[in-house]
Amino acid sequence: MTNAIVLAGGKSSRFGSDKAFAKIGDSTIVESLFFPLSLLFRKIIVVTNFPEKYQAFPVKIVTDKIREHGPLGGIYSGLLASDTERNFVVACDMPLINPRLVRYLSGIKEGQVVVPSIADKLEPLFAIYAKSCLPAIERQLTTGNNKIQDFFAEVNVRYVSKEEIKKYDPNLTSFLNINLQKDLKKIPNYSCANCV
């Protein structure tokens, strides 16, 4: 079994408001993310510093155990709260996740981390993390280093190639993230029903 961990602790400063609740058609970004995740995983854990915003959703809400450490601190907090060894971690601003790709990544059993590698760029906020990564993450956090992939040298990592990924997500839409208001224009008329 695998849980989903959604990282929703960012400040959205470049976006200008909480991008997780920006509208895409009839739903918000986070609703577009929660819907497919709810079909794939028995539990969704949301790591946020604003728990009141997520009270209406059927999710487990946790706050950052170690604040001001960015997404790595969120991964750490989510893994601590999870009751499964393997967990799919995704950022809250990635509304176009492809369930077939998520299933594929979740099915890969080798590696404590399963991370897409596209054109020599890792996608650590759309990846599988095992709870057994916690000691390595904790050691790194104590040094003040918040760069996610820097702890990869201490664990077993399975890199997933662009060629593998394109079998399930040919246009790589899963990796579109919303940082600016203008990024919303990249997904006109999007409905999460299209991807299930």
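Glycine residues also receive a Cβ, built from the backbone N, Cα and C atoms like all the rest.
Some features that TrEMBL has for this protein:
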DOMAIN    4-153  domain 'MobA-like NTP transferase'
BINDING   L7, A8, G9, K19, D64, D93  GTP binding site
BINDING   D93  Mg(2+) binding site
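Classification of A8 (GTP binding site) by DSSP places it in coil, neither helical nor stranded. In sequence order, V47, T48, N49, D64, P71, G73, G74 are the residues near G9 (GTP binding site), counting only same-chain partners six or more apart with C-beta under 8 A.
Around the Cβ of L7 (GTP binding site), a 10 Å sphere holds 25 further Cβ atoms from the protein chains shown. Of all the binding-site residues given, namely D64, D93, the one with the smallest number of surrounding CB atoms inside 10 A is D64. Across the domain 'MobA-like NTP transferase' (4-153), mean pLDDT in this model comes to 89.
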